[in-house]
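To start, the structure itself, in structure tokens.
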């Protein structure tokens, strides 16, 4: 992962060699610029830089006798004290694999030369910069780093990564040990004092020494910044980095035993670095953690690890301090420690490779493209779970039903949603789990679990996509878990508008309207649980329930029932909400003579919108004495005038009548022409039916003609 372009602004006092470093990088030989002559901006493309970078890294491997393992997650270096860690941090590029370098390089890198005497231009360039290459060359210019340059950057509000460059190293003694000591003595105080400084490197523009490394470190400071993930002063990973790493561990721990075994770590390694980890890789990682937590008596360390921290190691310690691998694997704390080792030793590319494999950005938040991938949905289409989506949520349910009781209790749900921001807001608004089928203990059943996700996908497919990402959907693009139905077509007949039949949908939405005390809430309860309460409680806020039902022929679908509550008038005036509704259930109390008049007045007020939505009239409480309705027209006559079926008499005590009502609601939603007010059945034949009739007639005619021809042939 790399940005399209970055700007490197080279700063420092006059005569420290800023322009010489740039020319040495470009020409691989020093060209003495004229005094106070600032170079024009230099643009380096990705392709220009890859080859030279690979050659540089290969040379570094040769000179340092360093053989990197193919396993990116491995780190063979031991850090015995803080100074050594800082030295390793300075030369960490030696651990970068040549075949990985291209991943770090932006498409275009622009290098901007500056002059300390032209403060106006310097400030302008700093505000456009992505990283600062800060150069000094002697003790005086070194002191001005903390006395002048860093205060200047902070006073300007510039919060950019800074790479320190000690130029003109050819003027220092040739001793390698003395050079390393000088590096540590110079860089460590500045790195500890100023969090903006990410690394320091000693260079020589004259000898072309470490110039490419310094330039690479500038790029790396942008593509793989250390500051978001590691606190150099505290020597620990930052909380903002620990949180996503814990989520990655949780997703990788497929058996949910709290440890990464060899198979799980190998899969994590393959996802992050493209190759599976070998058994020796795994053992070396475990040993690396063990040596950090439970060092042997032969290992030189700063402080002995307290016994209470030994659980971080995934291996058992032997009496003499050596460690052996157990079958459990790497714990969560051990995984965090492993990444801390990488970060503090300058291997933060490895940490970023892990984070970015799981779609984290530089701000350590999940990428919007990952959370909300593009899905083209026609305004007249709906979105449902695909077979892949069903399988994912079924597997997720089984995985977290730890006690195998067929239900997810509160603890199991909390564990399941650990890698997410929590239960979706939409679920809270729909009073989950009261919106679905639960078992006697109130635990979420698989039936209810799938129904809730169908409800979520129907109402807000973006929420489903978001949570698929959070929950670790790993079948490529999360849109594979969803399917978009065909757009709903609108037809007209005799000036009346109605919806065309649908045959590719499995989720249908039904509004239930009716007078207070008509039995709407009890109907929802019976739909879910097969029982209801006699205690009346008015519905204030809209209420949703969802459940799968079996249709004629054995096919199953999901039916969403929505009681609108006090928002009923507003919702029925909202065309976009009505477009989401597949059928309206007009319910009245057949034992209350005033109940049906409410529906008549409701349709008179909102009829211009309601007439386009399929309708089913239902007479509830049919087990009680039927009463003559006190309105101008009786229910049977009213529905006949609308060319609708007579009200279906339903009692919550009669399960068969309830099931028949739900089937009729789905039938009306699937074949709107049969239940749209004002549409006569005989004039609303579907286009597909006409085609079938024509084709059948044509087939009969062909058969007849063939029969006559055969008969005539026989007579001859």
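In case you wondered, yes, glycine gets a Cβ from its N, Cα and C as well.
Remember, it's a predicted structure, so these values are computed and weren't measured experimentally.
Per Swiss-Prot, these features apply:
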type	residues	note
BINDING	84-91, 113-115, 167-170	GTP 1 binding site
BINDING	253, 255, 257, 259, 264	Ca(2+) 1 binding site
BINDING	401, 403, 405, 412	Ca(2+) 2 binding site
BINDING	514-521, 550-554, 620-623	GTP 2 binding site
DOMAIN	3-224	domain 'Miro 1'
DOMAIN	505-671	domain 'Miro 2'
TOPO_DOM	1-692	topological domain 'Cytoplasmic'
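Feature annotations (Swiss-Prot) mapped to structure.
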residue : record                : contacts (Cβ under 8 Å, 6+ apart)
113     : GTP 1 binding site    : 10, 18, 19, 22, 38, 39, 40, 41, 42
264     : Ca(2+) 1 binding site : 252, 253, 254, 255, 329
401     : Ca(2+) 2 binding site : 407, 408, 412
403     : Ca(2+) 2 binding site : 412
405     : Ca(2+) 2 binding site : 439, 443
520     : GTP 2 binding site    : 512, 513, 514, 539, 563, 587
551     : GTP 2 binding site    : 557, 663, 666
622     : GTP 2 binding site    : 590, 649, 650, 651, 654, 657
Check: DSSP on residue 514 (GTP 2 binding site), three-state: which is it?
Finding: strand
Check: When the Cα of residue 259 (Ca(2+) 1 binding site) is compared with the Cα of each of the binding-site residues 115, 168, 170, 517, 554, which one is closest?
Finding: 554
Notebook entry, point to check: Using an 8 Å cut-off from the Cβ centroid of 253, 255, 257, 259, 264, can you name the remaining same-chain residues around the Ca(2+) 1 site, in sequence order?
Noted result: 252, 254, 256, 258, 260, 261, 329
Next item on the list: List, in sequence order, the residues of the same chain other than 401, 403, 405, 412 whose Cβ lies within 8 Å of the centroid of the Cβ atoms of the recorded Ca(2+) 2 site.
Entry: 400, 402, 404, 406, 407, 408, 409, 443
Next item on the list: Compare the C-alpha of residue 257 (Ca(2+) 1 binding site) with the C-alpha of each of the binding-site residues 115, 170, 517, 554, and give the closest one.
Entry: 554
Notebook entry, point to check: In the structure shown, which of the binding-site residues 168, 517 has the fewest Cβ neighbours within 10 Å?
Noted result: 517
Checklist line | For residue 554 (GTP 2 binding site), the number of other Cβ atoms found within 10 Å of its own Cβ | finding: 6
Check: Where does residue 259 (Ca(2+) 1 binding site) sit in the DSSP three-state scheme?
Finding: strand
Next item on the list: Tell me the Cβ contacts of residue 170 (GTP 1 binding site) under 8 Å, same chain only and six or more apart in sequence, or just say none.
Entry: 204, 206, 207, 209
Check: Averaged over the domain 'Miro 1' (3-224), what pLDDT does the prediction give?
Finding: 74
